[in-house]
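Notes follow the structure.
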């Protein structure tokens, strides 16, 4: 529906579609949501890289296992090195189609990660080395129930890519709403398969000991042949995956910041100096955020309950319902889906925020 209305109203970005339906104020609000959401996701990526390379509280990092503890596995230094050497050159690119090869490579690495996890889980299952997992959630306390509700907004982070739809559509060869819908459906199906496979195989392998950043679990013997090699393949492969997908998320972040701050200036693609300046500032702020936020769960809980839900469910449903009154009618099924999305978005936000506040109070006590 976003693509359909973007074409009808000649909108070139997510914010412009929102403005057509809900006005200038809503556009600014949606752009702020994109900035907070994408910055939060990129901070999470750097935290994961730091966890894998230098280790976390209960798990050893790759460099610590290879070379022992020393200055070379200092978390902040390693993250800064990755930002400068690998991420900055990719993030400096001007067009999203320049990242097509890196995006394809990142998907391939994610699939390799899933295949390795599933293969290890299957081998251990056949050999009878896996304990029966708990299949039902714990409802024994109010905290357990709220923790379960917080999982829903965290999961919503995984499916929020709506702000990238319009930039991709703008550079799509032979573009049409039908072709973009097909691309979106294939991508969504692939993501669902990867996410489910990762969750199932990870929980089968590590059970109650599964960390919020499951990659940190791959620092111990998996109980099969070539365990050490597979551990390194999984962790290093996923770091490369994050390095390659990082610039795609950063692209929409930079475009949105430019649209919000330099609204009346020439397009960002025509100002190389402004593009590089924004890239440098954003990477610096994201790096600082990754050094201050303790873990990925903290970041995901808040972005999931607020900005991710707004971008993925609230704004799209409001756009569809509002513009449908302007002569572009929705079918009965589309109206039902739009209202359902809106109601679910409000419910998820309320429960997510309440759960986050309760969790913070519990930790402070």
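Numbers run from 1 along the shown chain.
Here the Cβ of each residue, glycine as well, is placed from N, Cα and C on the backbone.
The shown structure was predicted, so the numbers you read here are calculated from the model rather than taken from an experiment.
Record features, source TrEMBL:
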DOMAIN    11-357  domain 'Amino acid transporter transmembrane'
TRANSMEM  32-57  transmembrane segment
TRANSMEM  77-93  transmembrane segment
TRANSMEM  105-125  transmembrane segment
TRANSMEM  145-165  transmembrane segment
TRANSMEM  186-206  transmembrane segment
TRANSMEM  232-253  transmembrane segment
TRANSMEM  274-297  transmembrane segment
TRANSMEM  303-324  transmembrane segment
TRANSMEM  336-358  transmembrane segment
| remark: Per the Cβ filter (under 8 Å) with a sequence gap of at least 6 from its ends, the transmembrane segment (303-324) is approached by 1-2, 5, 8-9, 14, 17-18, 20-22, 26, 30, 33-34, 36-37, 40-41, 150, 152-157, 159-160, 162-163, 330, 334-335, 338-339, 341-342, 344-346, 348-349, 351-353, 355-356
| For the transmembrane segment (77-93) and the transmembrane segment (145-165), does the number of C-beta pairs under 8 Å, pairs 6 or more apart in sequence, reach 3 or more? | no
| Highest-contact recorded stretch vs the transmembrane segment (232-253), from 105-125, 186-206, 274-297, 336-358, CB pairs under 8 Å | 105-125
